[in-house]
Amino acid sequence: MSLEIVILAAGQGTRMRSALPKVLHPIAGKPMLGHVIDCARQLQPERIHVVIGHGADLVRERMAADDLNFVLQAEQLGTGHAVAQALPFLSAEQVLILYGDVPLIQLDTLQRLLAQVTPDQLSLLTVDMLDPTGYGRIVRDDQGAVQAIVEHKDATPAQRQIGEINTGILAVPGKRLADWLGRLSNDNAQGEYYLTDVIAMAVGDGLVVASAQPLDAMEVQGVNDRMQQAQLERHYQRLRAEELMRQGVTLLDPQRLDVRGEVSVGRDVLIDVNVVLEGRVVIEDDVRIGPNCVIRDSVLRRGAVIKANSHLEGAELGEGSDAGPFARLRPGSVLGARAHVGNFVELKNARLGEGSKAGHLSYLGDAELGANCNIGAGTITCNYDGANKFRTELGDDVFIGSNNSLVAPLKIGDGATTAAGSTITHEVPAKNLAFGRARQKNLENWKRPEKIRK
């Protein structure tokens, strides 16, 4: 059956106390609406319609994509009214309705929900709660068939004792939806057009109302304030941590890991506390990551070691290489096999060949180093003249003395050496020793200045 999806994302989110539309607040570094859209895409619908209202322009700008149709709800008159705004664009046999502030919904749950939809049967997602206060109750008859959904403010005392609640997520036969929405009334305590009223209409029309429940109740937890946002964040991170551990990762404290993207891991990986993984991160077998590291869009090859307090972005570490502590590898940084970058070393668009080392206190930008090079402490590649960037190229087995300034564009040949304290401005041929510093002078009988007495 053909499928279209409507995502309701028009709410203001006043309890968030924020200028940012609620659905753009993040879970794991991604807007809540982004999580819902990603899940919806896995169902391969013909189209996804996003109903927007408060902050509509910003939501459209942030989430724009070719497969999304944004529909404006100028006035927020209830969920039924919101879905009605998408009606002119709907033609599929099935329509699935989701919510932009329910970010943890899972594909398996939605597939089970949709499997129950036929031309004469709709399906809604429910969950049992110990404290259902504030939620719409699922009213069933003596045989257990769903009869209606009653919102909390409209419920009788007896109905408020019901623990099964409406999540708002439902799937309906597309040909029936327009008729039901056209019959909605706002004669209720909220003065709104409730989408949930279509359940009673469906029953009255002789349709069967099926139901499904998520395996994890947190899947359908919505976000109305920052506390709920934090709860979902921690729940999401716990799930990701458990997933990594099942794949062979040792987490020294699963509660102190943040995953904010797509992570691929090998076996026998060890991750210390307070590590943040962002974007697309590939971690191969036997990698070790120390505490307080941030790793974004990077590849860590087999046996690589990241020591404490290091920051990697757009970097690749070869087999058996290591970085840190306090190393910063910016986009385009590549360490060859067994290469080493030590404390307070920054790389940017720089490649270190196999076995090369930059032990400490150096900046290497727009540089290409061959194999088995040694970079002395305090070395800087001077790659920018105020207008353009230039490259520094070192051959194999180059030894750079401490406190060197390598002024690009510059080439240093295989086996060359530069003396400590040098400013190197011209090409150094292979196996040459280059000095680029003032000759030392010693002044005899030097007397230190004395303080002036007043």
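First residue shown is number 1, and so on along the chain.
Heads up, the Cβ atoms here are built off N, Cα and C, so glycines get one too.
Here Swiss-Prot flags His360 as active site, proton acceptor, drawing on sequence analysis. Summarising the annotation, Swiss-Prot assigns UDP-N-acetyl-alpha-D-glucosamine binding site to 8-11, Lys22, Gln73, 78-79, 99-101, Gly136, Glu151, Asn166, Asn224, Arg330, Lys348, Tyr363, Asn374 and lists sequence analysis as the type of evidence. According to Swiss-Prot, the feature Mg(2+) binding site maps to Asp101, Asn224, an assignment based on sequence analysis. Annotation comment: Swiss-Prot describes Ala377, Asn383, Tyr384, Ser402, Ala420, Arg437 as acetyl-CoA binding site. If you look up Swiss-Prot, you'll see 1-226 marked as region 'Pyrophosphorylase'. The feature region 'Linker' is assigned by Swiss-Prot to 227-247, with sequence analysis given as support. Summarising the annotation, Swiss-Prot assigns region 'N-acetyltransferase' to 248-454.
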* Structure fact -> recorded positions Gly100, Asp101, Glu151, His360, Asn374 vs Ala420 (acetyl-CoA binding site), shortest C-alpha separation belongs to Asn374
* Structure fact -> The average per-residue pLDDT within the region 'Linker' (227-247) comes out at 98
* Structure fact -> Note: in the chain of Asp101 (Mg(2+) binding site), residues six or more apart in sequence with C-beta under 8 angstroms of its C-beta are Ala9, Gly11, Gly13, Lys22, Val23, Met32, Leu33, Gly222, Val223, Asn224
* To do: Could you give the residue numbers and ranges of same-chain residues that sit at least 6 residues beyond the region 'Linker' (227-247) on either side and whose C-beta is under 8 angstroms from one of its C-beta atoms?
  => 16, 25, 27-28, 103-104, 218, 221, 254-255, 257-259, 263, 265, 267, 269, 271
* To do: For Gly78 (UDP-N-acetyl-alpha-D-glucosamine binding site), name the DSSP secondary structure in the helix/strand/coil scheme.
  => coil
* Rounded inter-Cα distance in Å - Arg437 (acetyl-CoA binding site), Leu8 (UDP-N-acetyl-alpha-D-glucosamine binding site) -> 68
* Structure fact -> Cβ neighbour count (10 Å, all chains) around Glu151 (UDP-N-acetyl-alpha-D-glucosamine binding site) is 19
* **binding-site residues listed as Leu8, Ala377, least Cβ neighbours within 10 Å** => Ala377
* In three-state DSSP terms, the structure that Ser402 (acetyl-CoA binding site) belongs to -> coil
* Structure fact -> argmin Cα dist to Asn383 (acetyl-CoA binding site) over the recorded positions Gly100, Glu151, Arg330, His360, Asn374 returns Arg330
* Of the recorded positions listed as His360, Ala377, Tyr384, Ser402, the one whose CA lies nearest the CA of Leu8 (UDP-N-acetyl-alpha-D-glucosamine binding site) -> Tyr384
* Just checking, which of Gly100, Arg437 (binding-site residues) has the fewest C-beta atoms within 10 Å of its C-beta? -> Arg437
